[in-house]
Amino acid sequence: MQLIATLSALGALVATATAAAVPSAPVKQSVIDIQLSATGNTMIKATITNKGDQALNLLQFNTILDKNPTRKVRVYQNGTEVKFTGMLARYKMTGLSPDYFTTLSPKASVESSFDIARTHDLTRGGKITVMASGTIPTAEGHGANGTTITGYAKYESNKIELDVDAKKAASVVQAMGTVKKSPGSIDKRTNIDTSTCTQSQLDALEGALYNSAALAQAAAQAAPSNLDTVAEYFKSTSRRTINTIVSRLQSVASESTYVNSGSTTYYCTDVMNGCQPGVLAYTLPDQNIITNCPIYYSDLPALAQSCHEQDQATTTLHEMTHNSAVVSPYCDDLGYGYEDATSLSAGQAIQNADTYALFANVS
């Protein structure tokens, strides 16, 4: 497999590199059990149990164990999903620290509690339904020897019903709040807030946007004729799937390009305290805001030299798909990395941010 980063959309060069072999990481269907219970007006307790006969190291990133205000559960009211106000983060998936994992012995359980009013708009009150589903990356071993992802554990929790007191829910402080945009400091490159940038950060971000636009445009052009690759990543080659892929990638390319003023605001540095350990960048989808974190600049190459490797360009592309002004409905984090993303169903893959980044990386 080759990585072909085609920059012809913006009149640049073509970079080609040989891909490294992708290790097998099987999806374990029912190794863990998750039970939800209500412990207050909007407080939820999740009990995670290892049903298997081997110890598990469960990666916390973008799962129900995540300590950051990411999407841990789905909340519905009258059949419609309640607005999510938290952050959608892209994490660095190499060099993982043991601190990022929760270890569960066979048949053991761990509890995680969180207030869904901190990451959802529940100010209307009334009856809601809460559930959780997804996959948790797993590693074998303990400590520093147990940080290499070797599999993925699928889960689907029970559903619980809550009758939310609107006044109490409104009194809960939102985890991410509202960002105050700086007037007079906007660069017409997807509205970069230059007041948050050093020159080196601005140069890196502009380069990432340039490459994001080129990769997205090249992938959009390739999708209708590269059906085997579309099927590999999106699990469908229907006309509707192809049209959705092309439309969304073209939208990302347009938003990333130099000549657009853009609908998103991009910050070079953290403005909402979302840059916790392991976070490369994050998006506030309800505000159409993207923020880069320090390790975006220090730990990522501008463009990857192998397939499925994280870089600045595809991280920016990934984050673009989280914004409702770019992709509607915006994409979520349903599967992370090649093995996890390609285990999704067609319906999930088309809504998964990393699927677009991975597809663009190899198109």
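Cβ atoms here come from the backbone N, Cα and C positions, even for glycine.
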Checklist outcome for this item: Correct disulfide partner for Cys275 among Cys268, Cys293, by Swiss-Prot, is Cys293
Checklist entry - According to the record in Swiss-Prot, which candidate from Cys268, Cys307 pairs with Cys197 in a disulphide? => result Cys268
Checklist entry - Expressed to the nearest Å, what is the distance separating Cys197 (disulfide bond) and Glu319 (active site) at their Cα atoms? => result 18
Checklist entry - When you average the Cβ positions of His318, His322, Asp333 for the Zn(2+) site, which other residues in that chain have a Cβ within 8 Å of that mean position? => result Leu88, Ala89, Arg90, Thr283, Glu319, Thr321, Cys331, Asp332, Ala353, Asp354, Ala357
Checklist entry - If you measure C-alpha to C-alpha, which of Cys275, His318, Glu319, His322, Asp333 (recorded positions) come within 10 angstroms of Cys268 (disulfide bond)? => result none
Checklist entry - In which DSSP state, out of helix, strand and coil, do we find Cys275 (disulfide bond)? => result coil
Checklist entry - Where His322 (Zn(2+) binding site) and Cys293 (disulfide bond) are concerned, what is their Cα separation in Å, rounded? => result 16
Checklist entry - Non-local Cβ contacts of Cys275 (disulfide bond) (under 8 Å, 6 or more apart, same chain)? => result Tyr282, Thr291, Cys293, Pro294
